[in-house]
Amino acid sequence: MNLVLLGAPGSGKGTQAEKLSQKLNLFYLQTGELSREWAKTDKRIRNIINGGKLIPEKEMTNYVMKYLEKRVPKGTNILFEGFPRFISQYEEYEKWLASKRQKIDAVVSLDISEKEAVKRLSGRRICEKCGEVYNVITNPPKESGKCDKCKGKLIQRDDDRPEAIKVRFRYYRNNTKKLIDYLDNKEKLIRVDAVRPINVIYLEILEKLGVKNG
Ligand SMILES: [Zn+2]
């Protein structure tokens, strides 16, 4: 099964993606991670990301397609998070899968309001050393400001600051929203209310995918 997970910033798609890819044995691809990796060696990309902006549509598509070709083992089923964001990217990805005799089996959209997302994102902290993610409201560390795992310092990522969040949301509204509407019309979309406990959302997704839990 090839899955795509969509959702506004702060909808918790990373958490669900991890659980689902483990459960369903999928190759987990996260474009946020890919872009940050890319940013390490490319200053222009780094500036785009630190400003909370998205890498231009076509460039991102090319980068992802190359990555898929080079790094994803043949015949693997993929869970994609953060890509595709545009209708054009969706179509490119579909084409790539078709060339491997595969298809996108389901697209899950995690729905959240902007107000709720901003509240969640501004609480997000990340460990400087190991990258573990916390939230001062929903998932605080045992000791304030320190990572439970490695005692590293917890910091706020630049793109989780309020100004950057606003920009990310504007991009989401202008682009991914169009993709969601497009898929809604094709009846390819599973919509889930993302403002509920993690496990409730997870179980609902499994149920809607027709996967038995246990
Ligand atoms: Zn840590």
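Even glycines carry a Cβ here, placed using N, Cα and C.
A simple way to gauge crowding: the CB of G10 (ATP binding site) has 26 other CB atoms within 10 angstroms, across all the protein chains here. In the three-state DSSP assignment, the secondary structure recorded for G10 (ATP binding site) is coil. What TrEMBL lists as ATP binding site is G10, S11, G12, K13, G14, T15, R124, V133, Y134, R196.
According to TrEMBL, the feature AMP binding site maps to T31, R36, K53, L54, I55, G82, F83, P84, R85, Q89, R157, R168. Applying an 8 A CB threshold to same-chain residues 6+ apart, the list for R157 (AMP binding site) reads R124, I126.
In the predicted model, residues of the region 'LID' (123-160) average a pLDDT of 93. As annotated by TrEMBL, region 'LID' applies to 123-160.
Annotation source TrEMBL lists domain 'Adenylate kinase active site lid' at 124-159. Within the domain 'Adenylate kinase active site lid' (124-159), the DSSP-based counts of helix, strand and coil residues read 2 helix, 12 strand, 22 coil.
The Cβ of C130 (Zn(2+) binding site) lies under 8 Å from the Cβ of C147, K149, C150, G152, each on the same chain and at least six residues away in sequence. Positions annotated as Zn(2+) binding site by TrEMBL: C127, C130, C147, C150.
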C127 (Zn(2+) binding site) to Y134 (ATP binding site) - Cα separation in whole Å: 8
Filtered binding-site residues, from G14, F83, C127, whose Cβ is under 6 Å from an atom of ligand 1: C127
Longest CA-CA distance among G10, S11, G12, K13, G14, T15, R124, V133, Y134, R196, per record bound to ATP, angstrom: 19
DSSP state at T31 (AMP binding site), helix/strand/coil: helix
